[in-house]
Structures are given as C-alpha cells and as structure tokens.
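Report on one structure; see the data block that follows.
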Amino acid sequence: MAKFNLKSNYQPRGDQPQAIEELSTGLQRGDKHQVLLGVTGSGKTFTMANVVAQVQRPTLVLAHNKTLAAQLYGEFKELFPDNAVEYFVSYYDYYQPEAYVPTTDTFIEKDSSINEEIDKMRHSATRSLLSRNDVLIVSSVSCIYGLGSPEAYYGMLIRLETGMQLDRNALLKNLVEIQYDRNDVDFHRGTFRVRGDTVEIFPAYEEKRALRIEFFGDEIDAICEIDPLRGKVLDRLERTAVFPASHYVATRPTLDRAIREIQDELRERLTWFRENNMLLEAQRIEQRTMFDIEMIEEMGYCQGIENYSRFLDGRQAGQPPATLFDYFPDDALLFIDESHVTVSQIGAMYRGDRSRKETLVRYGFRMPSALDNRPLTFEEFEAKGIQTIYVSATPADYELRKADGVVVEQIIRPTGLLDPPIDVRPAKDQVDDLIHEIRLTIKQNERVLVTTLTKRMAEELTGYLGELGIKVRYLHSDIDTVERMQILRELREGLFDVLVGINLLREGLDIPEVSLVAILDADKEGFLRSERSLIQTCGRAARNVAGRVIMYADRITRSMRACLDETERRRTAQLAYNEEHGITPQTVKKSLRSILEDIAEKDYVELPQVAEELGDYHTPQDVKNEIARVKEEMLAAAANLEFEKAAELRDRMLELDKLELSIRNVK
C-alpha cells in the first residue's frame, strides 16, 4: 500500500515542530476539531503536509476560491511528488444556470463553458480516491455539491485483464453504458475507437495516456498503454480498470427503477397543477419530463440528468446528495484553509441554489425532486463528522468554539521575517501621500497593493494613477479565476507595479515582491475594516524583508488597535527567536512558474481595457474586441444573478461571432 512520502529540502523550524506534534497527537487522540493559528509566511502549508505524512490518511484541503486552491495544489504537488495530489474545483469557465423570470415570462436555458483540463482533474481525483490511499485533494466549495453516487461510479468501472474471456461487442456496450462515446475519427478524452480486433479507449481522467485492448476471438490478448497522438506503446499491462466518463452513471435496472419513480412524480405533479388550474405549467412539465424520460430510456442519460439524481441514488426527498465527501473513506482528514472565510461560504451555497430552483419548480420547468440536486446544507456538512483542522491567521468565533478555545499557534517564521511595521497617517491627503510612497517603492523595484472601500473608488484611483504614468491594474470580483491568476503573475513579473482592489487582497495572496500595503480609510469600521480583515491585509506585506503597511485614518478604531497590538506581539516573539538563533530575515524566494500555468495560458483571454462603442466594424479584430467586451458583461451579469441580461448578452455574442465570420469571408 502506497504511503505519503514528503520530499523537501527543509526541516520543520520555528513553531512548526511543536504545531506538527500537537496537531498529529490531537488527530490520533480522536479530537474532532482543532485550530492552527498560523501567521502569513510561517509555513502553514508545510505544517499541514507534515501532519498528513505523520498520520498517513486520505486528506481533503478546502480553500475558499479557485486561486487559493490552485496555489495550494502547486505547493502540495511539490511536497508529495510521488503521491496522488489532485485538484477538484468547478469545471465551468462560464456558468449560466437555467432560470425563470416570472415578471417577464422569460425562461433562460442552462448555458455553460466547460474547462476540459479541470474536468479531467475532477475525474482523476475521484478515480484516485477509489483506487489508492495516498490521496490529497485540494478543493473549492465545489466539494459540497451533488456529484453522483460513489457506489454506482465504482460499481460500473470496467475491469480488464490479459487472458480474460470477454466478447468485444460486450466491451463496447459497457463503454457506452458508462458514457464513453465512440469516435473513430477524433480520439479524445471520454471516447473510444474500434479498429478490427483492437479497441482503443481514452479514459476521462487521462491526458497523455490511452488504453489499447487487443482481442483474439473472445479473449483479451494484450493490454497496452499508448500515446494517444502517435499510437506508440508506452507500457504493457497485465490488468487495468476503466472508470466512468461521468459521475452520473447507473446500471440498467437502476435506470428502469428511476424512470418509474420519475413517472410517478410526474403524475402527482400534473394532478396538482390541474387541480390548481395551472394548465400551462402542467403542459410544460409534462413535455419537458417526457422528453427527458425518452432520452434516459434510449441513451442512459439526458441533458440535466443531475436533476433526477435523487432517483438514481435511491434517496428520499430531503436527504442529502452524494458529494466528494462520500468518495473518501471513514478515516479521512479535512483541512479548512482560511477558515474564517471558507466556513461562512459553505452555508451560503445552499440558500442561493434553493431560491432559484423553487421558481423553476413553481412554474413547471422542473419537478420538486430537482430541489434535491443541491449542495449540502451547513448542518449536513457538520454532520459528516470528519476530523477537521481549521487553518487561519485570524480564526473566527465558530472555529474557536468548535475547538473549545484550544489553539495551536504558529507565529514564528522560519525565514526570520517579521510582521510588517504599521504606520498610521491622516486620511486627509491620503491619495497624494500614497502616490509619493508608490513612487519610492517602484524605485526599489518592488510592488504595491492598495485596498479601498468601494468599487467606484478603486476604479477612480486606478484611472488617476494610470494618468500619472504609474503602471496599475484593478482586481475585482468580475474577473474569472484564470485571468486573476494571470494578473497576479504579471504583478510578480513586474509588468505593472500597483494592484488596486477591495476585498480580494486579503487571504491567500502570496506575492513576495510586495513591500508596501496601503489601506485607505482604515478607520471606517465594518466588514472590510474589521480586526480580522486588517490583520489579513497587513499579512500581504509579510513575505518581504522591507515589507511595511500604511493605514490612512483620522482616528484609531477598536479594530485598528487590536490589529496594531497583535502585530506588535508577533513582532516581539519573532525578534526574540531571530536573536536566539542568529537569523537574519530574508525575503521569501518563490518561483514564478505556477503548477497550473499551462491551464492559465490555454484559457486566458486578454480583455480590452477600453470598451468600444457599438457601431460599424471594419476588420475581424474590431469584432473580436467587441466580442470580448460583451463576454465580460455577460460573465458579470451571470455572477450578479441577472440571468435575463446574461442571456441577452450571450445572444449578442453569438451574433457577433457570425458577423466576424462573414467579414473574414468578404475579406
């Protein structure tokens, strides 16, 4: 049985050995909840990896956004190169859920763009969980969404062995049942092709390896791993297993039972609509559901089959769906990174999903069973009972309460770096003073983060700094994950010097080149200027030996005072450690190359900085620029749940695609 094998040039130092020992002992003792209070730059990820290596248990690391998840994935991949480190986040680049707007009688079909690379990584994650123990998965809150039954997923895998008696056509039928498509021309993930007595399968969880099954009559003569592009044999296997191409698979008896239950619910729903004189809704639900039933009967699946997952899984109404947690064994370990943010996100997912689907059910677009295709509620998440370690520089009250107030502290940085000194300055001339400090920092070839209170102020400040010749970018919530990663990398590379944001410059941004963090209007008490937010924001300058923080404020608030006191406490402890061990602080050295860089390069689209006015288009490039602008608006509308507007923008984008093609043909 494979074991976690931690590989690193470093040994635990500072507070790390004590933290590793206390957390590991707590897990072995059976403690359900523990808190690791680790300051920025103290090596929390390294501590987590050491705990995993000590307890040797399948592990889920939960992050609150894709950017942080990608960063953690890269770090764990380097620490455990011989183990199954996987990445499980939403595979949608763009996702517009189906929705109905009663006020305008507008139904918006589900529309999405799937990132094939991330889809492959999701399949790789579930496959690893069901085939080995040395698995560490880094996930976003996608892990609490319905995924399909692990029993069905594992039960329908196809086991193949050299010398095995198997009819070739039976194998082809089995592949179709687990949702592989036959394609003899375009061989890609999730397809198979047939050439005489040879069947080649491209597993959904692979990228550079496919399988070649050679038959001699009704016997498997050989199994090979091949290069899918060149057809070259990479390895010869005695046995292998092919996992399904979808997480929503079911045997024929299960499908037949599900169809009967769907028909029963449909009859009940039709009776209810007719009794309430809702004839249009009755016709609508009957037409849509009967079409889905026919597709399931003939093909084994339909578009939106996840809405019938309750019947496929054999669940009762209201029972929680199967999620990634159900693919883990009982002795799994859970780390919740930046827990003060991530925990609150978990509860919010269910409420937003429920509201949209209730409208669809009420107006006959979906049956009530669709409500059970949902994320876990917070109570269901808690009921999983997995041993959990909450990791944060600023643990919230919930985590502290769960751990009975016991906290494992990690405030000493092995690098010797101190928490940045904080300078409080008057808010009256904050912009002029900020410009002066930015120019001083740029002269040192270092970067600046600026955090504002409002989106409008961030936009105006970005524009003003740009007019002064300062290379500046604005990071906001409408920017998708891949582009956000690209922006952060460009900041590190020095393509621009100043990054302005609101609430996105706090948790998890690991940028050693940043030596100045400026907090405007620091005395405006609220969520963005709470004690935890201020400590987190200040921490962004803690990876540079010259790191410093400027708070612009006309008074010292309670949150500011708490932040100043905690920072001073940590500086004092770090100074004492440095003197005792003769450590000279040095800026963190971190490679620019990201483990997910290839994905970013494939999917990154540079959006135009200035939106062009609608008008006549003279070149394909003009149309491309307009398509990019419309796409940005569409993504923003979808993120704000403005489904009707997003659908209109999507249609506009499709029209522009046709226009670009016609212009190219004319040219």
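Using N, Cα and C of the backbone, Cβ positions are placed for all residues, glycine too.
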Annotated stretch (motif 'Beta-hairpin', per Swiss-Prot) among the listed ranges 91-114, 403-426, 427-450: 91-114
Residue among the binding-site residues GLY38, GLY41, GLY43 whose Cβ has the most other Cβ atoms within 10 Å: GLY38
The domain 'UVR' (624-659): DSSP-derived helix, strand, coil residue counts: 33 helix, 0 strand, 3 coil
Those binding-site residues listed as THR40, SER42, THR45, and which of them has the most Cβ atoms within 10 Å of its own Cβ: SER42
Mean of pLDDT values spanning the domain 'Helicase ATP-binding' (25-414): 90
Protein Cβ atoms within 10 Å of VAL39 (ATP binding site), excluding its own: 25
Structural state of GLY41 (ATP binding site), classified by DSSP into three states: coil
C-beta crowding around LYS44 (ATP binding site), within 10 angstroms: 23
